[in-house]
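If you check TrEMBL, you get these features:
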DOMAIN    A:6-291  domain 'UvrD-like helicase ATP-binding'
BINDING   A:A27, A:G28, A:A29, A:G30, A:S31, A:G32, A:K33, A:T34  ATP binding site
DOMAIN    A:292-573  domain 'UvrD-like helicase C-terminal'
Amino acid sequence: MEALLEGLNDAQRAPVLQKDGAMMVIAGAGSGKTRVLTMRIAYLMQQGVDAFNILSLTFTNKAAREMKTRIGTIVGNSEAKNLWMGTFHSVFAKILRIEGHHLGFPPNFTIYDSQDSQRLISAIIKEMGLDKDIYKYKQVHSRISSFKNSLITVKAYYQNPELMEADAMAKKPRMGDIYKEYVDRCFKAGAMDFDDLLLRTNELLARFPEVLAKYQKRFQYILVDEYQDTNHSQYLIVKALADRYQNICVVGDDSQSIYAFRGANINNILNYQKDYEDVKVYRLEQNYRSTKNIVEAANSVIEHNKTKLDKIVWTANDNGPKIIVHRSLTDGEEGRYVASTIFEEKMNKQLKPSDFAILYRTNAQSRAMEDALRKREIPYRIFGGLSFYQRKEIKDVLAYLRVLTNPNDEEGLKRIINFPARGIGATTIDRLVIASKQYNKSIFEVMENIQHIEIQINNSTKNKLYNFVNMIKSFQITAENADAFVTAEEVARKTGLLQELKKDGTPEGIARIENIEELLNGIRDFVEGQKEVADATGSLAEFLEDVALATDLDKEVDDVDRVSMMTIHLAKGLEFPYVFVVGMEEDLFPSGMSMNTRSELEEERRLFYVALTRAEHQAYLTYTESRYRWGKLIDAEPSRFIEEIDESFLDIQTPMESYRYKPLVDTDIFGEPDKSKLRLKKPIAGSAPTVGKPSADQLQKLRKLRPQGSSTPPLQTDDLNGNLKAGSRVEHNRFGHGEVLGIEGIGQDQKAEIRFQTGGIKKLLLRFAKLKILE
DNA sequence: TGCACCGATGTTTTT
DNA sequence: CATCGGTGCA
């Protein structure tokens, strides 16, 4: 026990030692709150609290896993495994699997991801004959989502004149009808969307006192991390569960609340003291993570926010280097700056790639960074964005698995019913949907009974449907007798998905096949892994739930040491020695969508605070003068957040003033500069300028804007392919070594014909192929 | 019914 | 620039 408390400072120790009652830990960035949570749980267990009686809600499943492991080393692994730990969504999905039948849901209900929800909403809008330009499916989805997160059910909506009026004013008087149809359809499909996992849990606890009592008794001690980012729905769940024992510990930092856009309510933490009796408040204000420069710079930024709790974050760490502010001409150059800085720092200071992180506001920004890192041959990993599980081929395989697990899953079914093509077209599907409404059955049930119902479908199509149903049923039989891996493999083979891809033979097709193989491997690993988990069976349903709720951070990582790239949102809770925050520009960060109200802007500022405080040793802020956005080069100006940092913490490599002397050539008065031209030309340093107006890259050279002290070598332009010619030896990460036989096409369409040692001649689009030139 | 092409349209962040 | 839905042809 003593050992457990060692290494905690007084402030950290106090909340660990308070065993009972309601408490709140206001924890500044880098103050060791994860440590406190971990130790508190370990301490509870050492005091004799049964692991089964502890519920710990974390922000990512990865965080939960890591905490479990750490607790395991203190109290023993077998005990630690019994802890209920995970995100709100995953913990309550598990509970809903057990208790959902009270609400009429099957235990194997499907979890719809955002795309499923949006497709369904889209279909509903169309079926209702509404104008899709007025009822935009994304807007409708986010509105429905916010209803759910505020616990406004369809019934509550219709009883709320204000809401209905607001929608009527927005020219969407049928909003409620769409909402109703959407909820009905999800229910009929045996599906819950992300918001349902919380909303339905609330419904369950509210409507079934015996269920509430069961879980109240079970969860005698509740801990919630990142409480500042809980929404109303989550708040109520916690409140209901904690009501009996009131042993609740919430941890959070109001300065790091960055999820208002998905309903997070900062008042949950600001008003916490009113919600429970005799709340003890602890503050962790000493930052162990970052240098003085970073901590104080971050403080100086967050000062600009009006809404916040009193808290002073300080550190006893060294001053450290100042924050480097760097300006680039374009996003391409920004990428090159970041890549070469990483390259040099890594060399000079003997650092690993994993010591660096590149953080950005929007996923789209990863592109330029990726290109630059790849050229420098710096290994990187992108978190978020288009995740593996969102790729089409993966979603297709998963859709089959979903449907065989839950045949009523409408969105899954629509995805695969005619893919690969089997002659079941749009009209047939429409008629099935109509019949399913008419008979109040799911589409699959309609198909099963197609012979016995009246439907306008000809016999040959009926036969095709019959075959499809039989195929799914045969998969179900496999699933009953074999594990998830075997089932998935059979699906991939028998549906013809793999054949479909094999026959197209393009590099993209091959990549897709490999992705599917990777998915199968993933399933196998999962099945293996589940054997060690207490109450798991390794079933397909478990796998699908895991996939649906996995954060990108949860992904298994390989052992290659890499630079991390992710949005700032995803970086919350993480730390890196060297952090680049790129795209520090008005309209991008703060986002143009979030500058309209004070509260939105303050959230952006908190986001910046989060970004800065990820850095342990050195932070870099970069911005550009112009950047490609929606395909066009547009002007940019430095983010106000840079100015908000007390200047004494900054090392401004490119003085802001010089920005004003920007020559006007930059924004092309003749028309927009064409990106393809930038890519096309092959300016080896010193080559004669191409005819016509100077390109951005040439301008860059002409103007010699590069700051003193930057040791960035004058890299060649984007064009790696410039050196590629017949006879070149190249390496491809998938196909291995090969020899270029010829080049054809220009610009975006340029292809190289390559003979690979592994056999086979392939034509690769240079735009996609990641070729390394060997000689 | 299936497929290829076209233009319109939208881009913040995520479970 | 990327995705989506619609259109027109086989």
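All residue numbers here begin at 1 and follow the chain in the order shown.
Even glycines carry a Cβ here, placed using N, Cα and C.
In the three-state DSSP assignment, the secondary structure recorded for A:A27 (ATP binding site) is strand. Regional average pLDDT for the domain 'UvrD-like helicase C-terminal' (A:292-573) in the model is 88. On its own chain, A:A29 (ATP binding site) has A:D253, A:S255, A:Q256, A:N287, A:R289, A:S290, A:A298, A:V313, A:Y609, A:V610, A:T613 as residues at least 6 apart in sequence with a Cβ closer than 8 Å to its own Cβ.
Taking Cβ-Cβ distances under 8 Å and a sequence separation of 6 or more, the neighbours of A:S31 (ATP binding site) in its chain are A:Q12, A:L284, A:E285, A:Q286, A:N287, A:Y288, A:V313.
The local packing around A:A27 (ATP binding site), expressed as other Cβ atoms within 10 Å of its Cβ over all shown chains, amounts to 28. In the three-state DSSP reading, A:K33 (ATP binding site) counts as helix.
Shown in sequence order, A:D253, A:S255, A:R283, A:L284, A:E285, A:Q286, A:N287, A:K311, A:V313 are the residues of the chain, 6+ apart in sequence, with a C-beta less than 8 angstroms from the C-beta of A:G28 (ATP binding site).
Long-range C-beta contacts of A:G32 (ATP binding site), restricted to its own chain and to partners at least six residues apart, with a cutoff below 8 Å, comprise A:L8, A:Q12, A:L284, A:Y288. Within the same chain, the residues at least 6 positions away from A:K33 (ATP binding site) whose Cβ sits under 8 Å from its Cβ are A:V25, A:A27, A:D225, A:V251, A:D253, A:L284, listed in sequence order.
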